[in-house]
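Heads up: the structure comes next, in structure tokens.
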Amino acid sequence: MGKLVALEEASSGGSTLETSPSSTREHVAVPAPNGGPQAWLQVAGSFCLYFCTWGLVSSFGTFQTIYETDQLRQHTPFQISIVGSLQTFLMVFLGFIVGPIYDAGYFRQLLAVGSLLIVVGTVLQSLCHSLWQFILTQGVLVGMGAGCLSILSVAITSLWFTTRLPLANGIAASGSGFGGVLLPIMIRELYPKIGLFWAVRALALVLLLLLGVANLVLRARDVGSQARRRRSLIDPTAFRDWPYLLFVAGCFVVFLGMYTPFVYIQSYALDEGIVSADLALYFLAILNASSIFGRILPSFVAQRIGSMNMIIATALALSVTSLCLITAKTAARLVTAIVFQGFFTGTFFALQPTIFVRLTADPSKIGTRFGMAFSIMSVALLFGSPIAGALRGQLGYNAAWVWAGLTVLCGGMIISVARVLKGQWAKPVKCPGPHLPTGTAMLKSSATSGLDSVCILPA
């Protein structure tokens, strides 16, 4: 594709100098294509992974409702929710283990094992009759399968895109929104006609087809440093990287409250008598549908102003929309708030992985750093909604919305500090001139930020 030339901007005069081969910044051997049929096929495959992981997990609310009135009606809603909570926790927490395995070169094995666990777990779910069986199949097996694939879905696009990474990842991440919309509708329509067990088997068939496509098209590029060798579960350099640590901390605080409306918006609308039961059932679909546009449209803006700047603005907007739920006492206001909430949640979700990529200087450690971050953020996902539920039980729904708004606002402020420490966010730069050979990729390192701007001269 072209040779790699590392350029360093001197702090004194802004001129560029070629570094020596021993430079610590020279670790990328092959520049990303940043487009082309093969690269966009990876986006399609990653879309399928998002659909079958985050999209599937976000559909649990439909199963919760069915279980409460049918198969598991003898259990409390809290006991039933253990299935969904365990599924979500395992999907995110297992990144701590899966990340280093991915970095060690076992991409194909993780893809195959994760796909198998999800399909087999869903098929076995259709045979369950008791709570412990649902916990083992839908909770543990499907959760572990999603855990194997969640890192792959966010890491694969970073191997194929640089300046267009926010857009590519936004399109791929929209798969979770499509899954969150279509899968609940599918289950809800099939359940009265053929029963839950056959509806779940139909779901397993859909997952099998989409994961089959992902296994066929996804390819891990050789970036010149991904050798198959044992990796540590932890990257020690991350603990000295303050922008990375603060960004993880900021995302942790945001995740404490960001999904509170997803969990309680339906019960809020019904308990307050704002809308009918029929309309309330579609609120989760509305949230997920609006998140699709939030994953894609702001990505164009992020390519111009920078992903970090965009995600800070998104956190502020999310805080405002969460607090607006306090005054959403009519159907029109509530639906409007839900649409904006879903939109900005999708934006935050899609931009977050691209920033982790930018904060990881060594691409061979992307999986490890993703895993470290995900394992920490999984704790926020596990405890955030129950805390909001406890506040709702003691003080009412307004307390839950205040919890959501303030946590997202505080998380955005922490991310702002990370941005200040890192300096000006890297954006694509104009290639300096025609005197360099065509097909040359350059990394321009800012003396103030330490982040790379990438440009590739056309071949």
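Each residue, glycine too, has its Cβ placed from N, Cα and C.
Annotated compositional bias 'Polar residues' per TrEMBL: 12-23, in sequence order.
Summarising the annotation, TrEMBL assigns domain 'Major facilitator superfamily (MFS) profile' to 38-422.
Sequence annotations record features per position, and here TrEMBL assigns region 'Disordered' to 8-29.
Residues annotated as transmembrane segment in TrEMBL: 47-66 (among others). Under 8 Å from some Cβ of the transmembrane segment (47-66) lie the Cβ atoms of residues 77, 80-81, 83-84, 87-88, 91, 115, 118, 138, 142-143, 146, 149-150, 152-153, 171-180, 182-184, 187-188, 191, 196, 207, 210-211, 213-214, 218, 262-263, 266, 284, 288, all in the same chain and six or more residues away from its ends.
Listed as Cβ neighbours of the transmembrane segment (78-98) (distance under 8 Å, sequence separation of 6 or more from its ends, same chain) are residues 53-54, 57, 60-61, 63-64, 67-68, 72, 110, 131, 134-135, 138-140, 142-144, 146-148, 150-151, 233, 367, 370-375, 377-379, 381-382. What TrEMBL lists as transmembrane segment is 78-98 (among others).
Listed by sequence, the residues of this chain that lie at least six past the ends of the transmembrane segment (138-160) yet keep a Cβ under 8 A from its Cβ atoms are 32-34, 38-39, 42-43, 45-46, 49-50, 52-54, 56-57, 63, 82-84, 86-95, 98-99, 102, 107, 110-111, 113-122, 124-125, 128, 168-169, 172-173, 175, 218, 220-221, 223, 353-354, 356-357, 363, 366-367, 370-371, 374. Positions annotated as transmembrane segment by TrEMBL: 138-160 (among others).
Annotation source TrEMBL lists transmembrane segment at 167-187 (among others).
Annotation source TrEMBL lists transmembrane segment at 199-218 (among others).
Sequence-distant contacts of the transmembrane segment (239-259), counting only residues of its own chain at least 6 positions beyond either end whose CB sits under 8 Å from a CB of the stretch, comprise 315, 318, 322, 345, 348, 352, 355-356, 359-360, 369, 372-373, 376-377, 379-381, 383-385, 387-388, 403-408, 410-415, 417-419, 421-422. Residues or ranges marked as transmembrane segment in TrEMBL: 239-259 (among others).
Annotated transmembrane segment per TrEMBL: 279-298 (among others), in sequence order.
For 310-328 (among others), the entry in TrEMBL reads transmembrane segment.
The transmembrane segment feature in TrEMBL is assigned to 334-357 (among others). Listed by sequence, the residues of this chain that lie at least six past the ends of the transmembrane segment (334-357) yet keep a Cβ under 8 A from its Cβ atoms are 154-155, 158, 165-166, 169-170, 173-174, 176-177, 244, 247, 251, 254, 258-259, 261-262, 265, 269, 274-275, 283, 286-296, 298-299, 302, 307-308, 310-311, 314-315, 317-318, 321-322, 324-325, 328, 366, 369-370, 373.
Per TrEMBL, the feature transmembrane segment maps to 369-388 (among others).
Look at TrEMBL and you will find 400-421 (among others) tagged as transmembrane segment. Counting only same-chain residues 6+ beyond the ends of the transmembrane segment (400-421), those with a CB under 8 A from a CB of the stretch are 242-244, 246-247, 249-258, 260-261, 264, 308-309, 311-312, 314-316, 318-320, 322-323, 325-326, 384, 387-389, 391-392.
Of the ranges 167-187, 199-218, 310-328, 369-388, the one with the most Cβ pairs under 8 Å to the transmembrane segment (279-298) is 167-187.
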